[in-house]
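Listed in TrEMBL:
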type: BINDING; residues: 10-15, 35, 40, 91-95, 132-133, 166, 277-280, 347; note: NAD(+) binding site
type: BINDING; residues: 162-166, 221-225, 261, 268-274, 339-340, 443; note: substrate binding site
type: ACT_SITE; residues: 277; note: active site, nucleophile
type: DOMAIN; residues: 333-448; note: domain 'UDP-glucose/GDP-mannose dehydrogenase C-terminal'
Ligand SMILES: NC(=O)c1ccc[n+]([C@@H]2O[C@H](COP(=O)([O-])OP(=O)(O)OC[C@H]3O[C@@H](n4cnc5c(N)ncnc54)[C@H](O)[C@@H]3O)[C@@H](O)[C@H]2O)c1
Ligand SMILES: O=c1ccn([C@@H]2O[C@H](COP(=O)(O)OP(=O)(O)O[C@H]3O[C@H](CO)[C@@H](O)[C@H](O)[C@H]3O)[C@@H](O)[C@H]2O)c(=O)[nH]1
């Protein structure tokens, strides 16, 4: 089966970049990315491309090449569904904030809405693809909705989870470790799998395209994120031990990472992992295990989150205790707000929680981040509901110049590992801050010896 027309529902961090790369690699396929968020679609259609809704290195160039050729962004969801032979569902699946499973389970209301809309609109057979991260066995629910329309249309459901990481999305999409496709074991299922394999095979070697049953594919996505986050929590647990014993966590990471069975990646100690996926997906895994009565399995994975919360808290506590047990009325400068470098995404960023803890101690925070807007920072703090929006705006200032941000600061905290932070004129910063000059490096990116020589009191996670 040769696919000519694809629709992707959800023009977010996954839908946008994924479909852009799919489009440049498959110029013969028309791809329409749709969203109910008009502002987002308008931004994807921004003429000079500087207003694209997400920042990813290399994305602008790809959108420029494909948009208007075979890649389109639109709010006309129904038309795009009707025209497509293949529909990717790439909508958000956040943690539930209400009812059964509140704070743990994935909220599938957007997924169900998509399924119902496809069922309502479709007039021809479709392959429906789960691109969003979903609890294992969600395909069954989607199938039930689609198969009960009574209009005789046939649907095949595939699971094709996305493994891109933000900040490297384009590279990850162009050169993925693997692509995972789960489908039904029937003839129709195999035909649908083959159709999707063909699309990826236009740029990815076949041996990296893995096909499994639907449940393995759905579960593997949650498990991959759980394993990755577990490594970060493991090294973060060790970072605390390093701080009290005189060991250095980077040296420990290097020493263990050279064991080929352990491997060197994802062993960088930090102020805690953030991002929209790790916490949400582990909580989801924990919830699923609990649902099946597997309490030991649930407890085991929950510890990854507990450790991560501890890491954020202790970073904030260390700032307070080092600044003579009070930060009340003191200016603390945050370098970085994004959850990692090279992205403007701040979802679940450690910076939000560290800021909240310091604001509870009446600190005054000044933030500089090269890609995150002032509105985003205030929205993140307001969302916590810890204090009034007016109070957040009174206590937190956002500036566009790092040197201005650091001026007259009682302490500087590094929350994101942006490369530019390493290049700053730290002597100039030293001269402009209140003494003693404290730096709390939550990413361990600066050189302790150099900073000490300048006169800074430098504290880094894990040393
Ligand atoms: N962000 C990542 O790096 C990443 C990586 C891999 C997988 N995932 C998973 O992919 C999914 C999407 O994540 P995201 O970060 O792109 O989310 P996002 O919030 O950036 O984008 C989702 C988009 O879907 C739209 N939407 C919701 N319901 C809709 C509907 N009924 N019709 C049309 N549009 C609708 C929203 O308006 C939003 O723009 C999630 O399940 C996530 O776990 C995310
Ligand atoms: O050694 C490390 C590696 C990462 N992190 C932190 O962990 C978080 C997540 O980083 P990363 O995984 O690189 O970014 P994400 O965009 O969240 O990507 C993860 O989540 C995506 C969404 O499911 C998956 O697709 C990706 O494969 C998976 O890496 C960030 O706060 C990082 O700073 C560390 O602290 N130390």
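Using N, Cα and C of the backbone, Cβ positions are placed for all residues, glycine too.
Shown here: features listed in TrEMBL, placed on the structure.
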residue	record	contacts (Cβ under 8 Å, 6+ apart)
10	NAD(+) binding site	33, 34, 35, 88, 89, 90, 91, 92, 131, 132
13	NAD(+) binding site	54, 166, 169, 276, 345
165	substrate binding site	172
222	substrate binding site	133, 135, 136, 281, 282, 284, 285, 288
269	substrate binding site	235, 236, 238, 239, 242, 249, 250, 253, 444, 461, 462
277	active site, nucleophile	133, 225
279	NAD(+) binding site	95, 229, 273, 305, 308, 348
339	substrate binding site	166, 273, 274, 275, 345, 346, 347, 348, 349, 350, 351, 416
In three-state terms from DSSP, label residue 222 (substrate binding site) for me. helix
Just to be sure I understand, if DSSP states are collapsed into helix, strand and coil, how many residues of the domain 'UDP-glucose/GDP-mannose dehydrogenase C-terminal' (333-448) fall in each? 46 helix, 19 strand, 51 coil
Hits among 10, 225, 277, 339, i.e. recorded positions with CB under 6 Å from ligand 1, come out as 10, 277
Binding-site residues close to ligand 2 - of 10, 269, 279, 339, only those whose C-beta is under 6 Å away: 339
If H, G and I count as helix, E and B as strand, and all else as coil, what does DSSP give for residue 92 (NAD(+) binding site)? coil
To see if you understand the setup: which same-chain residues, six or more apart in sequence, place their Cβ under 8 Å from that of residue 162 (substrate binding site)? 14, 18, 90, 131, 133, 221
All chains considered, the count of other Cβ atoms within 10 Å of the Cβ of residue 272 (substrate binding site) is 29
Over the domain 'UDP-glucose/GDP-mannose dehydrogenase C-terminal' (333-448) the mean pLDDT stands at 98
Hey, what's the Cβ neighbour count for residue 166 (NAD(+) binding site) at 10 Å? 24
Find, among the binding-site residues listed as 92, 95, 225, the one whose Cβ has the highest number of other Cβ atoms within 10 Å in the structure shown. 225
